[in-house]
């Protein structure tokens, strides 16, 4: 039986570092209360003593699988309140550290928090690993799942199973995680609990009787979750007596202490002062600090097998922190195998980035480098554009990743930036057997080099969409217009349909999700995963103004879309160009062949306004001279295009 603060019993350090909701609704001491009551140093010792006494059999590592806006962060907050990690009513979305995560309601970086729970008989140490739900951050998701024994499968009672839920379920299931179905938002008038149970049974083949209906917002039934976690999720398979092996789950850069790494200790122990070795870079580091997230960094003397904790390794360059890497203790690593799952992040969307004001390049370069320090999945190279000047070629995991990066740059540094249209990595196979990946449309082979190429290949994704039944026809038409191929259709309930299509990645990054939302009145959801490369008839299209290619507007498209896309480009770009004293031709070209053209007529001065009406010969002479002058001007004149025109075009303004 847990002691309450007002009972007459003696308070023993380490016994009351938790609280849980009781039938009387009286709470035990929270983390903040205990720090104040017994002091920081005694609190730390009590914490270490408590951790050391808990056997690994009483550890539970779990995650939450959910679609965006199904209440994952709110449920996390309730669990933290229930276990005394935070006070009730404190700031929401505790695990979302970045401003952009709070504002968008998404998780970008994997986070963890440790929780203590006592069932009245014994202590348990729980690690909740909060993972990004979006496919762009799938590397963090898979590494996080690797450190868990199970997951809560969260489904919105009013919306039912959605695309992201399905995609993350399959990932969790393939990694052997034990899944506990949770139906959230049962307090809503639109909640359909029987319908949600039916979807969980038909889509995931889980027992509907095991579903726990809760309201994360009000806390209703949330107290049933942790006992279910303890009962159903297995303890981690690890051995504290074996040599150290730690899996790197995620990392971030702290301006004061450098790189902070989130690790899952699979075997052994790690403590401050230990020298550790990276399995993949072969670099060594001296551990400056270890501890648990409770909910923020809380230093301890050691961390041991089974824990998901943080370390500060004294790493200077954050790009050395490779997600999925294994760390050993130096001198005790002979014969040890790295933990499975290491994978270098592969950017799938590339954009050109340029400062709105060219004079700001140097200052923005420093800001860009600082932001990349905290996200090693972003690739960064300097490039030069004839149209926009000095800039960068950035590689991202997906279009959401690119959007989040741009938003962070603007909000954290106040930077104004121009992003070119997103492109994907195309594979070119030459006749001599050489293969090349092209990420910049300007580097795509033109007419002169075309004869050396055996074939062109473009990446595809398998898109998973859930839509209301009445919009299925609209979605099928949208997928067909975007060169999609139907793979599967499944009726989840009478009202919801799950569609699987294989779609070119290039079509997906061109606001496919926005179009999907538009044709379903916002009711559709989307997730996707890579589906490899396919041979494709893709071509480079250049936008030329008076014969001069505008490299910032060069794009790679499928030949079947060339004419329609070319017409759209020249018509739209014409709106942003000012009139000149000579005729301006705007052309879309493929292999030097014009596929679309628009013309801006020359500004014309009335040179005959002062002539007498009867002076025909003089009238003709002046018009002829003007015509000749404009001809010369067209040959030698250059069209000056302001940055505003490029910005407006790339923002797709009308």
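For all residues, glycine too, the Cβ spot is worked out from N, Cα and C.
Note that the structure is predicted; figures quoted are calculated from it, not measured.
Some features that Swiss-Prot has for this protein:
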type	residues	note
DOMAIN	57-237	domain 'tr-type G'
BINDING	66-73, 130-134, 184-187	GTP binding site
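Restricting the average to the domain 'tr-type G' (57-237) gives a pLDDT of 83. Of the listed binding-site residues 66, 69, 72, 131, 186, the Cβ environment within 10 Å is emptiest of other Cβ atoms at 69.
For the recorded site, residue 72 (GTP binding site), the DSSP three-state label reads helix.
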